Structure formats: structure tokens, C-alpha cells
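Undergrad: Below are the features listed in Swiss-Prot for this protein:
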type	residues	note
CROSSLNK	LYS48	ubiquitin cross-link
DOMAIN	1-76	domain 'Ubiquitin-like'
ZN_FING	121-143	zinc finger
Amino acid sequence: MQIFVKTLTGKTITLEVESSDTIDNVKAKIQDKEGIPPDQQRLIFAGKQLEDGRTLADYNIQKESTLHLVLRLRGGGKKRKKKTYTKPKKTKHKHRKVKLAVLQFYKVDESGKVQRLRKECPNGECGAGTFMANHFDRHYCGK
């Protein structure tokens, strides 16, 4: 029987085969006509890839059926170069935890009364308990 093989370029090849022929035999015949090695060939019929050990009858390929030939892709993606940096990485600031840090905002005098050492922010957005920073000439909230 005669079958057609459509290549990637759109060219159609006719092959003389039997329904008992294996896919390996068909690929060998394509190699004779086109020069493409069988290990690079992928034959597709009715949306399925044809496996090498099977016959044409297994896939219900009849006379004047059309197979599609595509080439197998080898390997993965292109290897990427490792980035080289010209400047060294910036070191991050380390947060120093000060034990009982709240004590720096208050002072207990001789009579046992607690006094604030820093001024609280008068801004309504900040809320109670937000202290202003002491600069040599001013107090600053940051907002």
C-alpha cells in the first residue's frame, strides 16, 4: 500500500509499505529518501507519536494515510553564564538589640516619681508613647 509523509518543509513523500511493517522500517525508508537519521525522526499520525516497535496496523494506518514527520529536539536550554559582579556586595546594617531599651526614655528621681526624659510627639498621627528624637538644637519626630 502507499502512504504519504509530510515533512516540515511542506514536501510530501510517498512510501510503498505494508500494514505489517514496523515504524522502524518506515523511518529507514524515510532515511533512504530524505537522508534524515531515524533517531532524529518523529512520526505523528492522528495527533499521536508513533513508537518504533509497533506496526502500521497497530495505529490503524491504511492506504493513502498521511504521516507527519518532525525532527526530535536534543538537549535542554542554552547554558547561561554566571554573573560576575564588579563591586563587592554591600554589608547590611546589623540591628543591635539593647536590653531594657525603654529605660532610656524614663528616669526615677529620689522621691520615686517617674519622669520622661524625651518629649512625646504632639502630632495626632503619631499617637501616645511616640517619643521625639533629641537633637542638639531641636526635637524631631520624623514625620
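Cβ coordinates are placed from backbone N, Cα and C, and glycine is handled just like the others.
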Undergrad: Would you mind listing the long-range same-chain contacts of the zinc finger (121-143), meaning Cβ under 8 Å and 6+ residues beyond its ends?
TA: 105
Undergrad: Counting by DSSP secondary structure, give me helix, strand and coil numbers for the zinc finger (121-143).
TA: 0 helix, 5 strand, 18 coil
Undergrad: Just to be sure I understand, if DSSP states are collapsed into helix, strand and coil, how many residues of the domain 'Ubiquitin-like' (1-76) fall in each?
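TA: When I sort the residues of the domain 'Ubiquitin-like' (1-76) into the three classes, I find 18 helix, 25 strand, 33 coil.
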Undergrad: Between 0 and 100, where does the mean pLDDT of the zinc finger (121-143) sit?
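TA: Summing pLDDT over the zinc finger (121-143) and dividing by its length gives 78.
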